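For reference, TrEMBL has these:
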- 1-47: region 'Disordered' (REGION)
- 1-24: compositional bias 'Low complexity' (COMPBIAS)
- 233-251: domain 'NF-X1-type' (DOMAIN)
- 286-305: domain 'NF-X1-type' (DOMAIN)
- 339-358: domain 'NF-X1-type' (DOMAIN)
- 392-411: domain 'NF-X1-type' (DOMAIN)
- 419-440: domain 'NF-X1-type' (DOMAIN)
- 444-463: domain 'NF-X1-type' (DOMAIN)
- 471-490: domain 'NF-X1-type' (DOMAIN)
- 528-548: domain 'NF-X1-type' (DOMAIN)
- 637-670: domain 'NF-X1-type' (DOMAIN)
- 680-698: domain 'NF-X1-type' (DOMAIN)
């Protein structure tokens, strides 16, 4: 083991087992490695070795723990069919209570199902602030407006930066007097400062820090949601704790139609408002007609009928909508006023015209003196100075009381420029702007103001931010600002290879997210000799190797039965020589090539050379063979068989016996072993032959009866003679010398 120093063997403990040495690694029953405390007698090198081993062990355990946490993340291993089955079970469990209220109807759950599928799908849940995946074991926060999910740390930093940017232009006196809101990064829904999230809750807000459960929706507590429906109806959500909006209320209520004419009927609470399609019948605002529209919600529309109506002054009559009886004509009133000298100058109006506007006390143009004069006379000027404040707001008009507007202020004054750096004598009515450019930094904290003669209240920066957003694809289009840029609002379509399956992801995530799994069949043309390829789903990269039978016609006439081998991977054997011992051996390269069809292995019945047996042989080796037996054909001698190993025999004619030896068989070289006639002691003088042996022509040398003479008799005559003839042949024909 790494880091352990050499040490003497440990003493054996009682019972024969060796006790662990000091500082060695012991694996307990729980499977964890324990490093006992070193003994006081260990030397410096041994202590350092134990310390180094302990550090390596802790690092390995930390890496293993991190690996387990990553495997429990929300979007890591959901691509196989088992994960899809598991996901379906979790969704069914979440929707069980709701569907029990709707008799199994789940048509209203599609939007909520989409949010829940994104919670399981690889890379679909993305924090728009940091553009990173949201995992199961990370603290999150969900917006109540758009239901977008963010990392808790990211949204806390976002809220803090937003509040700082809003409150930074304020003075010390105004700071803290107003509770400025901060917006959601996606939908810009505004939250109060007090609503800044500080703790991690589940979706329904009941459980703080919900535990990671692989059989629940990520970040869910598994309890019933019980959030109030929007719009509020008095009922609460029946789903288990879930992301996204709550579905419509599934409860059944008894309600009547909009016009209240129909009888109450039971309906879903989410669709309790309904129309009986009968005429409304309510009296319209005109007071003369009734609403003829079908039963509807809300107020009735204005009366659409037309009638003749007089204007306000009563001079003109016109056809107008019944809904707008009050209208004005274009004529001036021209009625004589009570003074008798003037007429009313108002356009068509109702009621009396009122008193003459020139009657009573009237002021001179400067307003200092009042006169009581007949309405036929104009008010004279008083002769005093005007003293009205001029447009400059500092000086007064020095002319005598006059009619019409006052002149512009022409007094010479010492004017200070707007920035306060220069002064100059000039007419009061003229503004004074110097040429000095402001060097203050604008609220973006990046660019100078550069405005001529700035008063110090520099306007907001008018330049475009232009910084690259977190997506790395677009630049910030907002005006130059402090702090982080808003997340990229764009979405990108991530498509499968054929383009028929599309998922939308935040801009910037298209490089890291896995393409969606497409259920369409691959439409690429086959690359082998087959007319069509095996059915498989849409995919990226090369199509899988063709596994259809080759079916090419071999030279023997049979079809190749093995799998298609037009694109087989073959190890490339090159003669690359390494530059030296330092060069690492490279991995063997594989090339794709078409392999020839293997030899035909269809079994074919083949007879051996000697026609002893018929055996099934592979077609490619279906040739006459030797069965290794003896030939066994009857030789020409008709007495022996061919002892050669099974061999080919040429038939001289078609009518020849199949068991008869041919010219290739061996020739019999044995002597004749046929049995001799009884009494013949001689062998056949011919080699092994068919048929009977020839007569024995040997001369036998025998003695006569008296034993005195030697006789020569043919063997054939002797063996074929009967007793009398034998007595005669053995006799020498001489007188017998024996005594009686």
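The chain as shown is numbered from 1 upward.
Cβ from N, Cα, C; glycine included.
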Local confidence of the domain 'NF-X1-type' (233-251) - pLDDT mean: 85
Residue numbers, six or more beyond the limits of the domain 'NF-X1-type' (471-490), whose CB comes under 8 Å of its CB atoms: 128-129, 131, 158, 161-162, 164-165, 168, 185-186, 442-447, 460-465, 506-509
Chain residues in Cβ proximity to the domain 'NF-X1-type' (528-548) (below 8 Å; excluding those fewer than six residues from its ends, i.e. six or more beyond): 496-498, 500-501, 515, 517-522, 563-564, 566-568
Structural state census, the domain 'NF-X1-type' (444-463) (DSSP three-state): 0 helix, 2 strand, 18 coil
Cβ contacts under 8 Å made by the domain 'NF-X1-type' (392-411) with residues that lie 6+ beyond its boundaries: 364-366, 368, 381-386, 427-429
